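Here the structure is laid out as structure tokens; the discussion comes afterwards.
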There are 4 protein chains.
Amino acid sequence: MRSKLRFFFMSPCEKFRARGRKPWKLGVQILKIVMVTLQLMLFGLSNQQVVTFQEESIDSFRHLFLKDYGSWNDETFSVYTQKDLYEYMAFTLNQYVQLPCLSLAKYGYLSDNNGFVAPLNVCKSFYKAGTVDPSNESFTINAVIKKACVDVFPLIPLNGTSIDETKNVLVTLFDKVNLTLDLYRLISVEISFRLKTINLQTVRNNEMPDCYLFSISVTFDNKAHSGKVKIGLDSDAKIGECRATNVANSSLVQKSTRYMMVFDGFVMTLCAVSFLLCTRSLIRSLKFSQEFVKFYTFHYNNPVSWAGRMEFVNGWYILITISDIFTIIGSIVKIAIESKRATSYDICSIFLGTSTLLVWVGVIKYMSYFKMYNILVLTMRAALPSVIRFCCCAGMIYLGYCFCGWVVLGPYHPKFRTLDMASECLFSLINGDDMFATFTEINGKGYLVWLFSQVYLYTFISLFIYMILSVFIALITETYECIKVHQPTSVLSMQPSAHSSHLFLY
Amino acid sequence: MRSKLRFFFMSPCEKFRARGRKPWKLGVQILKIVMVTLQLMLFGLSNQQVVTFQEESIDSFRHLFLKDYGSWNDETFSVYTQKDLYEYMAFTLNQYVQLPCLSLAKYGYLSDNNGFVAPLNVCKSFYKAGTVDPSNESFTINAVIKKACVDVFPLIPLNGTSIDETKNVLVTLFDKVNLTLDLYRLISVEISFRLKTINLQTVRNNEMPDCYLFSISVTFDNKAHSGKVKIGLDSDAKIGECRATNVANSSLVQKSTRYMMVFDGFVMTLCAVSFLLCTRSLIRSLKFSQEFVKFYTFHYNNPVSWAGRMEFVNGWYILITISDIFTIIGSIVKIAIESKRATSYDICSIFLGTSTLLVWVGVIKYMSYFKMYNILVLTMRAALPSVIRFCCCAGMIYLGYCFCGWVVLGPYHPKFRTLDMASECLFSLINGDDMFATFTEINGKGYLVWLFSQVYLYTFISLFIYMILSVFIALITETYECIKVHQPTSVLSMQPSAHSSHLFLY
Amino acid sequence: MRSKLRFFFMSPCEKFRARGRKPWKLGVQILKIVMVTLQLMLFGLSNQQVVTFQEESIDSFRHLFLKDYGSWNDETFSVYTQKDLYEYMAFTLNQYVQLPCLSLAKYGYLSDNNGFVAPLNVCKSFYKAGTVDPSNESFTINAVIKKACVDVFPLIPLNGTSIDETKNVLVTLFDKVNLTLDLYRLISVEISFRLKTINLQTVRNNEMPDCYLFSISVTFDNKAHSGKVKIGLDSDAKIGECRATNVANSSLVQKSTRYMMVFDGFVMTLCAVSFLLCTRSLIRSLKFSQEFVKFYTFHYNNPVSWAGRMEFVNGWYILITISDIFTIIGSIVKIAIESKRATSYDICSIFLGTSTLLVWVGVIKYMSYFKMYNILVLTMRAALPSVIRFCCCAGMIYLGYCFCGWVVLGPYHPKFRTLDMASECLFSLINGDDMFATFTEINGKGYLVWLFSQVYLYTFISLFIYMILSVFIALITETYECIKVHQPTSVLSMQPSAHSSHLFLY
Amino acid sequence: MRSKLRFFFMSPCEKFRARGRKPWKLGVQILKIVMVTLQLMLFGLSNQQVVTFQEESIDSFRHLFLKDYGSWNDETFSVYTQKDLYEYMAFTLNQYVQLPCLSLAKYGYLSDNNGFVAPLNVCKSFYKAGTVDPSNESFTINAVIKKACVDVFPLIPLNGTSIDETKNVLVTLFDKVNLTLDLYRLISVEISFRLKTINLQTVRNNEMPDCYLFSISVTFDNKAHSGKVKIGLDSDAKIGECRATNVANSSLVQKSTRYMMVFDGFVMTLCAVSFLLCTRSLIRSLKFSQEFVKFYTFHYNNPVSWAGRMEFVNGWYILITISDIFTIIGSIVKIAIESKRATSYDICSIFLGTSTLLVWVGVIKYMSYFKMYNILVLTMRAALPSVIRFCCCAGMIYLGYCFCGWVVLGPYHPKFRTLDMASECLFSLINGDDMFATFTEINGKGYLVWLFSQVYLYTFISLFIYMILSVFIALITETYECIKVHQPTSVLSMQPSAHSSHLFLY
């Protein structure tokens, strides 16, 4: 049993020396790291191109359909006067109608079933009924929200009309379908339309170009009725195969796609092998653990603790197994994308990215076979329970500060607007973010809130940076020293210890 | 006595096991955490809406009444020529007069007692008498400040006039009431008026809309007589119930308000119960402490120290008591707001926010019943006296730097303009704020000041980040190790200690 | 001798208890802290007003005399075309001529000895001779720099002329005095003039207004001959007493000035007393030290080391003495300013600021009489020699990086332009400044420089933040633990030690 | 042997005392530090001028040839409409043609072999064939890229034409050579030309002015076909000697150049001497080491380990040798630059900068002869193996995060766009960069990616800042304490140890 136990905890090198067993698993893992990273990089470059095309298209739409977008500071913009509101609306309509003469890319209008060009939709939402008279502090309101729409066809030439004329045209349009913009009742106006385009550039990478259908909506948001109407453009892309394609070097394109799929298949196979090897090892470990338990109970008449049994389950194998599963899923999605059956680039990148992260972390497993390389892993492993317990306590205080900051400072401070932003802001503050800006943002918002923010920020920062971070360092330092003492291979005396591998169990 | 003492320091779990006493208090606390957090979130969402409406309204006023506000970098703006000054004034007057045709929200002019529309007030402050002749270095001044006002009614149509004409109109207006703008005597011009509006959007959350009265004042500040007149708009909101309201689904609104109040009442009751339980425990502790003192003095003939007596007073109970009081006050204010009897949203949010923070911190109390979870609390508690003493010393140096930085760098560096900003800036620098920007801001302000700022910043940062922070870490590390040694449950040997709860006493 | 020695090292409290000696010195110090801080704050507020007036005046000049200054991003601006250059020049001249109708403050032209209004000076510097023909790669140059000037009187009305006409006028002017702008020879053009103004606002604080003489120069800098002419405005203020003044409440102004001087005198007296007491103590210490040396050599036949003798010299007294000298000098300058005999506000603020810093640091002396408060001071004092030695070594590496960064990255990276900026940038990087921005600034400046900057920044940051800072913390932690062990009053066992004051000696 | 060994490890001071050997080497090194730093500073100032001239010239070109460059936020800019595209092209052509009347510097057109002025080249790249119809989702494409060019001579006066006319002119030009801009096929348009200029300002430093040839290309990039055409200007400078020069004080210029070369020669000689001395020492060490090995094996019958032999090789000598080689190479390049035979300023600055860095680091060698100064060096040396091993493990996790961040966040987050930027961003985050901005950048890019970024950033920052940095501090602290214990000269007991120099061996 003892020799079996010793063999069980040997490194691949030692196993080879002891019984001549060749390190197949190690070889598979090294090949896997190279392959998975290569696959990730290939996918990354292709993914970047697709996302960039979408981002740039949305950027183009914003510049084409939003007036003076170049001078906006932000992706949303607000207008404050009636004249501006009508001008911005008219601009969007005008640009849609004149699109073919304006845009640098070739956009196609969508056609409906009868072959006619699809119109642009202008929809307004408003309270069903209501009159407001602030001077007399009186109002009548029916909070039921109604919606009314009107179509604008690109065929109607609004071309030569100046801004003022277009305003008239618009007002006329609204009148026709009883769509007067009663601003005190109006909740929002949405101008929506769809455009088609083709992402040609992929042809240079020997990939077949995709057809894109962009659903674009420009929103004029008057929900708050505060005299400020927010304007924004949203766009949603649907990627699909084009109907009629004719590429000069189509054979090359097909070949390149096929090679890529073969490569993906190879990575998948590799991961499957690695997965099988690891699960085999895991199952063996469990069996061996049961055997050992029987042996131990028999000889020493003492039950083996749960922690003792866990020693036999190698956490690294679990990590590698998860990484393999992620790679396989990612590769399947990748093949689906390449064969134009799916367009979920994000899901694929998350799976492949996470698996690569895990694969690289897994390299540490093989490093820790060389003595003294595993000090980081050992320290982190030993400190983990204390760290988790410690984080629970610190987390409570952190949560309390999050809630408190969100509710008190949220309305006045953009960094505390939502709960997750408050959390991000506090987390950043602990780690040395721009503190002065956070302090001064609250100036001039009322003395009480300012005073509270001062107390809040000074106590939070002092507590977390000075107290809690220091305790954290103390905790890790202590664990490290503990590990050092138990491990005979200290920094200065360099003799390797015969028992150091056992430490890993512990 | 001994068993009593042991029972006194037991955790709820142990008490349950020992005597079957059910953990009522624990149950109340857990329910309270859920309820208080829920209440906070409900209030937070409603509060955010109210504050956002006010902020957006002020933003609208700034865009409506301040010329070219969109291109300002800041909330204040300065003009430097006479022409600009007159143009900015004329713009504000013009916009007020034309308001109904301009604004996207419906604003109502205030009417005076006779039902007439209230005018806009233009007031100027100036030195009583004075002539200035810089060429001859001579001046006559009477520093008594006088004020003169003129009313502008929205009925006077300044509508079709161009900027130059308006300037004339304005000058005429000033002339009429002997209000010539002698710039060398002028201290400030204030244009003030009031507008009414209704915050309709709350109707969607089944709350009754409020009526707002905004007192707006545009100030042209020439106090410094430096050739730079600062322009700014301030607005003060007064929230009140509307006089005549007619909401279609008024029954729903009333029901929703009632439910909310019932919920608030429930939270208050819960807090009252928690408050009573905690005060009972506190009183019992004090009584038991006296009993113990008698017992101890009798048996050991040795007086119990003040610190020893304090062991019986549980700091957690005091924390929970304070949190309960804050929640109750906050809930009362919240009910007053819901029933439209108060509008102090800030006070309510501060009370509720602080109480939630304390409630979450209080959770640590229950965590520390589980062994090993209280290492953070123990370390912080043990380190507290040293930390406070340490902070006193460091605080003296910090204060010295604050004063020194404010007086020397203040006039040249925006981050040191006031004492509290200097303190914020130095505090941020310690914690890793944008240092290079702070360094370079002082460039080109004279060699002496630059040299001083270099010495000042280098010494301050080195002293605080390297020396003082390091001592702090050393202090905490030492305390932590001390605690570890006294507490048998080390990180590596996981057996729970029977005596660890006693450590908490200490 | 022993009792004398013991008495020497007693705290004021102990001295009072031992011999009933009243702590006069302590009383004087406490009064001094209050007074010095009060004086600093009074001066700070008045100083801020003076500096703000100057800064705002320069800002006004920039807006008045530089075209489109409002849209500049920086204090310097560049023009790239000949048309722009002439326009910017013409604008400055035009504005000077029309100043009285433009400015919001009242500026007076300077008059020369004959009572005529002083002209504006336009001076150009240029190479004595030279022709440049880049097409043929040939040039003739005489590097001697010549200067030619022309006067422009505000009486010449350039008023109604448009930009293009003014350009002609200018060109004509230059022609008249043979001042053609041969751009390839031109080094710089400087337009300089002087304006007078009065800082009236001080009258509200019951101070007599000052007369200011601003020497303004607008520079068009073509030194680099790179096709980019930099424009900037510099202004130099001279503050003086006005000649003819007539203030309505002049008696009040005089009284307020007198009170202020009395207060300053009181502070000076206080500091003089403190200075005398401290020097007396220092002299006594030295005498006592000599006495002790004799005694010790006689009894123990062993010479006292230099370090042993230094124990008798109290560093705190030296600190207080320096602070007193600074306060007295600062107060003298302050009185000179108040009596209008000096205008060196900066020097005064530096002296007063530094003295206040030292006074507050000096408070720690009295804190350290209470046991356990002096742990910070003790640790810092004990660590000082190691820290200095450590800093010498680290400083060498730091200096090497500074030189290297300046010469290699300087031309490409604005943060490394000069040696002191490189030092500031590296110092900021160690303390967590905006690192990503520093990294990316160098992108696109050539591959070699980019690669070097990567190696440079990664190694510098890793070396300093990870290695050197960690060694620093280790150094302080070790000293702290050492101090703790020697000082019986540990954090946990709270008994005060009888010998702790001796530790201070050590 | 023993005395020899002792002598070998003596410091120069001790050697002088022991045998009267004068410290020549030390003298050479000190002189070298001064000289090398002086040389670096002289070169730095001259280098800065050259680079500044190039940077300012490129800036001038951008302002001259790119429309509205002053209002761009970035060095690249995008246009979105056909009208803008033609306007920006026409502007560049127009400016080139009118250059002599526009620019403030004197630029010369290049002439071809026949003496005619060289034309500006307009080249467009486009797909060989293709039609795109997004409405029908059909396209025909031949991905072969073709290029077509047209010349525009500065002689053709496009001077008086308005924007619209120029557009027509351009279109006509394109038509003439069958160069219609079919936007759906167009990949890019490049306008390229060359200009000559002379950097006159060096004449003031008594250096001969250089002639510059700038190759400028304005690119309109439509690669992505996303409706966004990016515009950018690149410029490449070639520095050469001018053909015909005539400088008034040419003798002074020549003398100054000669002096500089003599100085460089002196530095080179000094470095050569230092290099020879160091290599001699290194060779002696090796010989002595072999001798010692023989002696040791003979007497103790025990082979000397590799580490033991390395003790005899002084790392400092290797450092100084490298520094010498770098200085010599740098000086040679510097002389080549001064004699107008090379223009590789960057290479020279990198060599001189690196050598200066090494020279300053080398100072620590001499410091460590004084006891107690070498604690930093000893600690870093002792910790190095652990640090490297530790960094390998941490580096794996870091690499994993880099890959993962690049592929998942890259397309959405500008800080993760390329692999090296992702690495810079993560490295900056660890060291306290602007974290909140990094968090919020990803908002509104899809829920899945946002969620991933949250998990990614929180885990990365927590892991690295809290766990890994703390382990690092623990590692250094432990090494430091170890060193302290082995070195008898502790912080508090100041007696120098006789054996401390041996520690350096170890």
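Yeah, the Cβs are placed from backbone N, Cα and C, and that goes for glycine too.
Whatever TrEMBL says is automated annotation, not expert-curated.
The annotation domain 'Mucolipin extracytosolic' is assigned in TrEMBL to A:50-243.
What TrEMBL records for A:343-481 is domain 'Polycystin cation channel PKD1/PKD2'.
Per TrEMBL, transmembrane segment is recorded for A:259-278 (among others). Note on the transmembrane segment (A:259-278): residues 24-25, 28-29, 31-32, 35-36, 39, 42, 317, 320-321, 324-325, 327-328, 331-332, 334-335, 338-339 of its chain, located 6 or more positions outside it, place their CB under 8 angstroms from a CB of the stretch.
The list of residues near the transmembrane segment (A:316-337) in space but at least 6 beyond its ends in sequence, with Cβ under 8 angstroms from a Cβ of it, reads 29, 36, 39, 43, 261, 264-265, 267-268, 271-272, 274-275, 278-279, 281-282, 285, 343-345, 347-348, 351-352, 354-355, 358-359, 361-362, 365. Residues annotated as transmembrane segment in TrEMBL: A:316-337 (among others).
According to TrEMBL, the transmembrane segment annotation covers A:343-366 (among others).
Residues annotated as transmembrane segment in TrEMBL: A:387-409 (among others). Sequence-distant contacts of the transmembrane segment (A:387-409), counting only residues of its own chain at least 6 positions beyond either end whose CB sits under 8 Å from a CB of the stretch, comprise 416, 418-419, 422-423, 425-426, 442, 449, 452-453, 456, 460, 463-464, 468, 471-472, 475.
Listed by sequence, the residues of this chain that lie at least six past the ends of the transmembrane segment (A:455-476) yet keep a Cβ under 8 A from its Cβ atoms are 379, 383, 386-387, 390, 394, 397-398, 401, 404-405, 408-409, 426, 429-430, 435, 438-439. Residues or ranges marked as transmembrane segment by TrEMBL: A:455-476 (among others).
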- Query: Hey, which bits of the same chain come close to the transmembrane segment (A:343-366), Cβ under 8 Å, at least six residues off its ends?
  - Reply: 12, 26, 29, 32-33, 36-37, 39-40, 43-44, 47, 50-51, 210, 238-240, 316, 319-320, 322-324, 326-327, 329-331, 333-334, 337, 373-374, 376-377
- Rounded mean pLDDT for the residues that make up the domain 'Mucolipin extracytosolic' (A:50-243): 80
- What are the helix, strand and coil residue counts for the domain 'Polycystin cation channel PKD1/PKD2' (A:343-481) according to DSSP? 114 helix, 0 strand, 25 coil
